[in-house]
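Student: Pasting in a structure now, in structure tokens, and then I'll have a few things to ask.
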Amino acid sequence: MSRTGVAEPRGVLSIRSFRRLWIALSLSSLGDWLSILALTALASAITTGSGYQAQSYAVGGVLIVKMLPAVVLGPLAGAFADRFDRRMTMVIADVLRFALFVSIPLVGRLDWLFIATFLIECVTLFWIPAKEATVPNLVPKDRLERANQLSLLTTYGSAPVAAALFSVLALVSRAFFEQSQQADLALYINAVTFLISAITIFTLRDIPSRGAQHVSVPSVLKQIGEGWRFAGSTPLVRGLIIGIVGAFAAGGAVIGIAKVYVEALKGGDAAYGAVFGAVFLGMAFGMFLGPRMLRDLSRRRLFGLAIVGAGLTLVLIALIPNLVVVVFLTTLLGACAGVGWVTGYTLIGLEVEDDLRGRTFAFLQSLVRVVLLLVLAVVPLVAGVIGAHRLDIAEVTYRFDGTNAVLLIAAIVAMIFGVIAYRQMDDRRGIPLARDVVAALRGVPYAPETDSGPVTGRGMLIAFEGGEGAGKTTQARLAAIWLRDHGYDVVTTQEPGATKIGMRLRAILLDKESAGLSSRAETLLYAADRADHVATVIEPALQRGAIIITDRYIDSTLAYQGYGRNLPADEIAQINEWATGGLVADLTILLDVPSDVGLGRFASPADRIESEPQEFHERVRRGFRALAEAEPQRYLVVDARLAQADITRQIQDRVREILPDPIPMGTEDVTSTFPAITDA
Ligand SMILES: Nc1ncnc2c1ncn2[C@@H]1O[C@H](COP(=O)(O)OP(=O)(O)O)[C@@H](O)[C@H]1O
Ligand SMILES: Cc1cn([C@H]2C[C@H](O)[C@@H](COP(=O)(O)OP(=O)(O)O)O2)c(=O)[nH]c1=O
């Protein structure tokens with residue numbers, strides 16, 4: 001995997017047509033965030049004087065109406081969007097959004113506000129797939145990832161800008177208008193962003209009207225149903241999902257209640273904008289600083305901690321009714337959310353296999369939408385039912401409303417889900433969290449000594465496979481030296497013959513005197529050697545948290561005895577699964593070499609197997625390649641005819657991707673002061 005594509009951040013914006021689309025996207029995102037603030041503020045203004053409950057319902061209603069179309073009509077619009085001219089779809093959608101936004105303050109009624117908001121969201125459903133499908137047409141493939149990152153950054157980056165803008169507009173309009181009209185200015189400006197976006201896209205003549213690729217959008221509910229089936233299978237994904245749902249449920253409650261809460265704290269629209277902006281400011285801090293400050297803490301632990309932290313902050317927000325304190329705490333809340341988001345995102349990227357990653361993201365997106373919708377629907381109901389209360393304690397009147405209750409419930413939900421996620425994902429069981437955190441803040445990873453060495457969780461098994469003379473022994477040794485240099489506990493081993501019993505089996509297997517050994521007996525003897533190897537060498541080292549590098553493992557049997565000796569592969573696989581207790585290598589590095597080249601590296605055939613005819617070794621090579629093709633995510637296939645150093649580099653690049661997290665950064669400085677024993 002090349003990392004060079006990421007090195008030039010401004011690369012994609014130098015593409016003129018993409019730059020224009022990006023401007024349009026930025027404006028639309030800005031408008032979208034602005035509209036959330038302006039519409040909720042307007043709904044609240046229209047219902048001022050109709051009582052606390054009516055106000056909660058009105059604000060909640062706006063948010064529900066905004067979410068509903070995506071959940072209910074999303075797939076339908078996705079299917080339709082592909083049939084129309086993309087550029088015109090985007091232009092018309094933007095013009096319609098402009099007109100609808102202008103109409104809201106002009107009509108100035110709550111029912112029209114709801115209807116128009118609903119229609120705007122329906123129109124947006126056509127705009128988004130058209131935009132998504134257009135990006136690959138404007139950006140070359142190698143810069144597509146960069147372009148998508150930029151789009152994402154813009155979508156969320158425009159939120160704090162919108163919040164700031166909203167606050168300023170609120171202050172300005174307070175000077176000129178009466179209260180019920182204060183949100184109007186924001187809505188007009190918002191409408192104009194869509195008009196500019198429409199004009200920008202209209203001038204983009206190089207958008208092809210329709211593309212070859214179909215953007216299919218499966219139904220939200222179907223995605224969720226399917227998602228559960230695979231998500232339940234690993235504790236990591238399970239933990240991530242529980243944590244993210246908890247975080248979004250709490251986040252939804254905060255969004256749904258923010259306007260009413262700020263009002264209860266005697267804050268106006270400007271304060272509302274400030275609270276909203278504080279969340280995003282905090283998020284930016286959290287995303288940027290959190291992982292740097294806690295670099296040495298396990299990401300899995302950090303994720304759960306961040307959510308529990310958000311819950312605790314929310315408790316304070318619910319109980320301290322002071323606007324300044326609330327803005328400050330909201331920044332902290334955002335920071336926790338930012339840390340959680342970035343660690344969760346990285347964990348999915350690093351620890352979820354390639355073919356599951358796309359589905360995990362899609363599943364999460366659908367789930368989050370539904371959760372948000374449910375929460376937004378329930379929040380105003382709960383707040384409304386509880387209503388407004390005053391507690392008179394001595395001389396002090398303490399106000400405790402439905403809003404406080406909702407925030408408190410959200411805080412508890414976040415904490416419970418955070419703890420469950422933490423438990424599911426914890427990769428440092430038995431190590432006290434407090435010590436772990438203190439050590440991480442000091443930059444020294446905490447590793448308690450025990451009888452069997454430091455406990456760092458489950459280790460990792462890397463197998464080197466390939467035919468005779470492929471260079472397995474050479475590369476395995478180099479990889480071990482490299483990893484030890486980086487401070488890892490590494491065990492190098494090989495098959496057959498890594499244990500005392502194994503040595504005796506090896507003698508039987510490779511002795512030319514054993515000519516006539518039946519293929520099945522041979523298979524069982526290799527399996528016996530492997531069973532002993534796993535039980536006495538590999539498993540204990542794995543328990544200790546070491547990285548085990550083995551020269552040959554199960555694949556050798558599948559290739560040599562399965563393909564070479566023509567025995568049924570599934571039966572061999574079963575026998576070996578039993579022998580190893582189902583232990584599979586985390587990564588298998590296949591050094592692929594034509595059999596004549598490999599055998600040519602030795603002066604003469606040394607043992608019984610090497611003496612087999614060339615066809616046998618060619619079948620073995622085909623066997624290895626077939627195994628690697630069947631499970632590409634677990635293999636690295638390297639052309640073993642390359643120079644040793646090139647092979648080493650490819651191996652290091654791949655191994656680096658799967659190293660346990662966090663990489664003990666400090667260790668490099670320590671070990672590099674010792675003279676490393678490297679290969680001549
Ligand atoms: N990339 C390479 N190019 C050429 N010769 C190599 C390469 N890698 C290893 N060799 C040589 O090939 C021989 C077999 O290497 P070895 O690592 O013992 O292979 P294996 O363990 O796969 O049988 C050794 O003499 C080694 O020096
Ligand atoms: C582990 C294993 C090895 N073998 C064969 C392959 C090798 O020819 C031999 C192991 O000998 P070895 O000298 O360790 O091979 P190399 O240096 O090529 O790694 O045993 C099998 O046939 N089945 C197996 O399961």
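Here the Cβ of each residue, glycine as well, is placed from N, Cα and C on the backbone.
What TrEMBL shows for this protein is this:
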- 21-46: transmembrane segment (TRANSMEM)
- 21-429: domain 'Major facilitator superfamily (MFS) profile' (DOMAIN)
- 58-81: transmembrane segment (TRANSMEM)
- 150-173: transmembrane segment (TRANSMEM)
- 185-204: transmembrane segment (TRANSMEM)
- 236-258: transmembrane segment (TRANSMEM)
- 270-290: transmembrane segment (TRANSMEM)
- 302-320: transmembrane segment (TRANSMEM)
- 326-348: transmembrane segment (TRANSMEM)
- 360-383: transmembrane segment (TRANSMEM)
- 403-422: transmembrane segment (TRANSMEM)
- GLY466, GLY467, GLU468, GLY469, ALA470, GLY471, LYS472, THR473: ATP binding site (BINDING)
Student: Which of these binding-site residues (GLY467, GLY471, LYS472) have a C-beta closer than 6 Å to some atom of ligand 1?
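Tutor: Once distances to ligand 1 are taken from each Cβ, GLY471, LYS472 fall under 6 Å.
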Student: Give the number of CB atoms, excluding that of LYS472 (ATP binding site) itself, located within 10 Å of its CB.
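Tutor: Here the count is 24.
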Student: Counting only residues 6 or more past its boundaries, what in the same chain has a CB within less than 8 Å of a CB in the transmembrane segment (403-422)?
Tutor: 56, 239-240, 242-243, 245-247, 249-250, 253-254, 256-257, 260-261, 264, 301, 303-315, 317-319, 321, 379, 382-383, 386
Student: Determine whether the transmembrane segment (236-258) and the transmembrane segment (302-320) share at least three Cβ pairs under 8 Å, counting only pairs 6 or more apart in sequence.
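Tutor: Between the transmembrane segment (302-320) and the transmembrane segment (236-258), which are separate recorded stretches, there is contact, as judged by 3 or more close Cβ pairs.
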Student: Cβ under 8 Å, sequence separation of at least 6 from the ends of the transmembrane segment (302-320): give me the contacting residues as numbers and ranges.
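Tutor: Those are 239-240, 243, 246-247, 250, 254, 286, 290-291, 294, 326, 329-330, 332-333, 336-337, 339-340, 343-344, 347, 404-405, 407-408, 410-415, 417-419, 421-423, 425-426, 433, 437, in sequence order.
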Student: I'd like to know which of the binding-site residues listed (GLY467, GLY469, ALA470) lie near ligand 2, counting only a CB under 6 Å away.
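Tutor: The binding-site residues passing the 6 Å Cβ test: none.
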Student: List the other residues in this chain whose Cβ sits within 8 Å of the Cβ centroid of the ATP site residues GLY466, GLY467, GLU468, GLY469, ALA470, GLY471, LYS472, THR473, in sequence order.
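Tutor: Apart from GLY466, GLY467, GLU468, GLY469, ALA470, GLY471, LYS472, THR473, the close residues are LEU591, VAL593, GLY598, ARG601, ALA640.
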Student: Give residue numbers and ranges for long-range contacts of the transmembrane segment (270-290): same chain, 6 or more residues beyond its ends, CB-CB under 8 A.
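Tutor: Residues 37, 41, 156, 159-160, 163-168, 170-171, 174, 254, 258-259, 262-263, 302, 306, 323, 326-328, 330-343 contact the transmembrane segment (270-290) from elsewhere in the chain.
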Student: Specify the secondary structure state of GLY469 (ATP binding site) as given by DSSP, simplified to three classes.
Tutor: coil
Student: Excluding the flanking five residues on each side, which residues at least 6 beyond the ends of the transmembrane segment (185-204) place their CB within less than 8 Å of a CB in that stretch?
Tutor: 17, 20-21, 23-25, 27-28, 30-31, 34-35, 37-39, 41-42, 87, 90-91, 94-95, 97-99, 101-102, 104-105, 165-166, 169-170, 172-173, 177
